[in-house]
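Sequence annotations record features per position, and here TrEMBL assigns domain 'ABC transmembrane type-1' to B:123-303, B:486-665. Per TrEMBL, transmembrane segment is recorded for B:12-32, B:38-57, B:77-97, B:103-120, B:171-196, B:242-262, B:282-299, B:319-337, B:402-421, B:490-510, B:530-561, B:613-638 (among others).
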Amino acid sequence: MNDTPQAAISCQNVWQVFGPNADSALSEALSVHSEPEAAAAALREKGLIPAVQDANFEVAEGELFVIMGLSGSGKSTLIRCISHLLHATHGEIRIDGENIVEATPDRLIELRRKKLGMVFQHFGLFPHMSVIDNVAYPLRVQGVKRKAHLEKAQKVIELVGLAGRETHHPRELSGGQRQRVGIARSLVTDCSVWFLDEPFSALDPLIRRQLQDEFLQIQAELKTTIVFITHDINEALKLADRIAIMRDGKVVQIGTPSDIILNPVDDYVREFSKDVAKGRHAHVASVMEPGEGHVYGADDPGLRVDMTLDAALARCMDLYEPVPVRAEDGTLLGVVNPADLAAALHVEAG
Amino acid sequence: MAGLSKGSLAALVALIVGALCLLLETTLPWLVKFPEALVVPATDWVGAAMTWLLQLIKPIARGFSALMSYPMEATNLILGSSPWILVIAVVTAIGWMLGGVSMALMAVVGLGFVLASGYWAESMNTLSLVAVSVPLALIVGGGIGVLANEYPRFRKPVQAMLDIMQTVPTFAYLTPLLVLFGFGPVVGLIASAIYAAPPMARNVLLGLERIEPEIKEAAIMAGGTRLQQLFQVEIPSAATQILVGVNQCLMAALSMVIIAAVIGGFDDIGWEVLLTMRKAQFGPALMAGLVIVVFAVIIDRMSGTLAQDNRKRYDARVAWGILAVGVIASAVTWNSLPNPSEYSAFDGAVDAVDAGLSAFTTANWQWLAAVKNNVLYFGLLPLRIGLDEAVLPFTWGFQWTAQWSLGLFAVGAVAGLILALRGQVTWGIMTLIFVGMLETGITNLPWPFVLVGVAALGWVASGRGLAVLSVGLLLTILLSGLWDRAMLSLYLSGAAVFACAIAGGGIGLLCAESPMAWRITRPICDMLQTIPLFVFLIPVLMVFQIGEFSAFLAIIAYAIVPMIRYSRHGLTETPDEMIEAAIASGATTWQILRDVRAPYAAPTILLGLNQTILYAFAMLVIAALIGTTGLGQLIYLALGQADVGLGISAGAAMAILALIADRMVQGFAEERRKVLGL
């Protein structure tokens with residue numbers, strides 16, 4: 001089709017419209033209006049809901065692609081279009097070159113058994129099955145022999161750190177453990193495309209951080225192509241290779257984490273990055289000015305363009321001697337090393 | 001008109017129409033009594049059409065009937081000829097598996113009572129009918145539920161059909177079935193399967209709809225085929241709700257099998273009750289009734305444990321042990337046991353009850369008659385035929401005259417005006433309407449007023465659609481000549497519902513306030529809800545004989561339960577935060593109840609009222625057995641004469657009344673819920 005290596009996932013002009021006779025209403029709107037904006041407005045006028053409007057992007061093989069937006073922005077709908085839990089109203093969605101919008105029901109079952117895995121926000125565990133039966137279910141529906149599927153399930157359960165809880169039922173597990181089961185179940189078939197719909201949003205912050213770290217480890221090992229949904233900008237920045245930001249059904253910006261932070265396309269995206277500790281995501285290059293006409297001293301902290309702002313600040317602070325801290329009446333209470341001040345501002349080293 | 005709210009406007013229109021009718025009723029008598037000439041012989045038409053249809057499918061039905069007689073006779077043979085020791089052992093073993101020692105004990109004691117009462121053979125006949133009809137109902141109901149879930153297009157029609165089936169009175173099924181299947185136990189079997197299938201279908205559909213969407217999506221993403229998703233994931237996930245359906249299905253089947261005894265032809269326990277009741281042998285009737293209650297309780301409690309989450313598992317070895325003991329004991333005593341029908345441990349007690357009861361009624365007849373007559377003369381009768389006809393010298397001590405009417409209207413007008421001036425315009429107009437209705441009596445209400453009033457209520461409750469539907473349905477009753485009967489039914493059920501609302505609401509409030517009261521009331525409510533409809537007739541008949549008052553009491557006893565339950569539930573579910581906020585604002589207990597808890601509970605209490613209305617209609621038909629004069633009596637008569645047209649028309653009229661009442665109360669509840677943002 002083209003020269004660049006084939007993308008693992010490619011979405012072209014994907015629309016998802018809810019409401020009566022969505023199909024015909026959308027094709028009518030698209031034939032009248034060339035601009036997606038105008039078509040969406042026409043649909044809204046008729047009382048239909050364009051939940052995803054003209055989404056276009058590609059995800060490379062092994063890439064961790066995060067879709068971020070507030071609730072109601074259409075991100076969950078979009079991932080359901082790509083995993084074909086919803087039939088996209090319009091557009092092309094190719095997974096390894098195959099347009100799944102037009103796949104037959106049998107082919108879809110085949111794809112889900114071999115290629116796709118999905119993790120859900122509220123886990124979607126089967127309440128009547130034990131942990132190991134939950135994890136093994138995707139193998140069971142394929143007719144894999146019980147002994148073989150339990151063996152495989154056991155391996156994945158160990159991978160997600162749930163060994164010893166195989167016979168528990170979901171209701172006996174904590175939220176974090178439940179999501180580990182959800183992750184294990186989605187991995188048991190060695191999927192090559194992995195969908196995660198806000199997998200950590202329902203967890204408390206400490207567990208969330210722990211699972212994020214483990215998720216990155218698993219990903220480093222498996223190198224699957226991932227579409228990951230979140231509403232948390234910090235989570236997106238921490239995990240993503242690239243981020244797509246959605247608002248009101250539209251993809252408003254796609255870029256690397258530092259693109260998003262430093263070059264927001266509009267106020268909506270800027271609003272997101274407000275709460276972010278920029279020092280950890282932006283680099284010296286982004287604040288560097290041309291060198292001509294400046295006078296600088298002999299001290300050289302050794303900055304490089306690809307250092308984060310936090311690291312650069314720490315280097316600069318290193319140049320200072322410790323400074324005094326006094327009481328109201330001027331008596332000396334102690335000293336502070338400026339380098340420690342800079343370090344204390346880091347949320348987390350590195 | 002601009003300043004009037006929707007409710008006031010509707011009430012005003014009804015008032016004007018009512019007043020016009022009252023003024024014109026002497027000159028235009030057809031306003032009160034619908035002209036005979038306009039009545040369409042709809043009953044005959046329905047009869048002819050149904051007879052034709054029934055004749056058409058009769059061969060199939062008879063074939064099915066013949067087919068069903070095999071499993072029925074087989075279970076009958078098995079249950080009937082098994083030694084009772086074995087039957088008790090099997091039930092006890094099942095009881096152990098379901099609920100441990102307490103259930104096993106309940107089975108032994110309950111069945112022991114049945115055995116000792118001498119009604120063992122009849123009970124086994126009843127049980128075998130239930131045993132065949134329940135699987136039938138489970139398969140049909142479950143199938144309907146699953147299909148309605150698979151094909152969303154059918155959900156609405158299926159829901160509507162289930163709603164209608166819930167409102168069609170039980171006796172009304174029986175007449176066409178009687179024509180189709182002929183006399184015999186198969187009619188009871190089919191009727192109970194038809195009656196028991198809807199709760200199953202409803203719960204299966206509800207359970208499947210309530211599964212978390214992500215669970216269904218997970219099954220899809222696992223690559224399951226549709227059948228795998230359904231049977232491996234969705235149905236097991238919905239198991240709790242489906243088992244609730246099984247429980248309701250069992251109870252409905254038992255209830256209907258007993259009701260179906262009125263067509264006779266099968267020597268079961270319901271027939272026994274009916275027979276003894278007709279002979280006024282209240283001791284034996286009570287005993288047979290108790291046997292039914294025992295069965296109902298055992299079946300309900302045992303199947304109820306199935307639907308509990310996380311129920312405990314019990315050691316199967318104990319169950320096998322119980323079974324083994326049963327088998328050995330049966331083998332040892334084979335042929336040496338007397339016929340269970342000869343047990344009569346309670347005959348003495350039964351005779352004593354009979355004698356005691358006669359003694360009690362003769363000793364207290366004055367007092368009992370006073371209660372009955374007071375309620376009749378000062379409550380039911382004025383409501384039925386109006387104060388202007390009910391107030392007579394020999395009941396009230398004076399004669400009602402036109403002056404009295406004028407005086408009553410004047411008082412009503414003053415009260416209405418005061419209310420209106422205080423801002424309660426709707427209630428002011430309603431007061432006047434109520435006064436008018438009291439003066440006229442429900443059965444003497446001019447039909448244009450009823451139609452307009454119902455339309456107004458429907459419009460306020462949920463909009464134009466309901467108003468049109470209600471009037472349309474009522475017109476069919478009017479045109480088919482069943483109007484007078486329908487008004488009689490409306491009056492009696494209305495009076496009973498009113499009494500239930502006052503008493504049940506009060507008890508509900510008491511139970512909400514005092515946990516102690518609820519601890520006492522709750523088992524009584526559980527018991528009243530478990531008892532099959534039929535049994536309610538026995539005690540009222542024993543004390544008050546045949547008549548409208550007995551029917552009134554039976555309806556109240558049955559229909560009051562939901563009112564109590566829902567009122568209590570509604571009043572106790574107010575969020576703590578709201579009560580804390582009220583306390584923090586300095587509200588007294590009474591103010592909290594009036595301003596916070598009661599409004600918050602209103603939608604729930606309205607749902608309770610809705611249930612109470614449906615229960616009252618259901619009981620109204622059964623109460624025809626002990627003397628009511630409305631549609632219930634027609635349905636019962638039609639059954640005796642195998643008159644399909646009359647049975648179906650009267651049944652439909654009853655269903656229409658229930659349906660309209662149901663929709664209206666639901667409409668009001670929905671509106672309250674919206675106002676509260678629930």
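Using the three backbone atoms N, Cα and C, a Cβ is placed for every residue, glycine included.
No curator has checked TrEMBL annotations; they are predicted automatically.
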The transmembrane segment (B:242-262) and the transmembrane segment (B:77-97) contact flag, 3+ Cβ pairs under 8 angstroms: no
Within this structure, do the transmembrane segment (B:77-97) and the transmembrane segment (B:103-120) have 3 or more Cβ pairs under 8 angstroms, counting pairs 6 or more apart in sequence? yes
Taking residues 6+ outside the transmembrane segment (B:77-97), which of them lie with a CB under 8 Å of any CB in it? 103-108, 111-112, 115, 120-121, 124-125, 127-128, 131, 298, 302, 314, 316, 318-320, 322-323, 325-327, 329-330, 333-334, 337, 340
State the residues, same chain only, that lie 6 or more residues beyond the ends of the transmembrane segment (B:12-32) and have a CB under 8 A from a CB inside it; answer 'none' if no residue qualifies. 4, 429, 432-433, 436, 440, 444-449, 452-453, 456
Long-range neighbours of the transmembrane segment (B:38-57), counting only residues six or more past its ends (CB under 8 A): 176, 179-180, 476, 479-482, 643-646, 648-649
Other same-chain positions with a Cβ less than 8 Å from the transmembrane segment (B:319-337) and lying at least 6 residues past its termini are 82-86, 88-90, 92-94, 96-97, 104
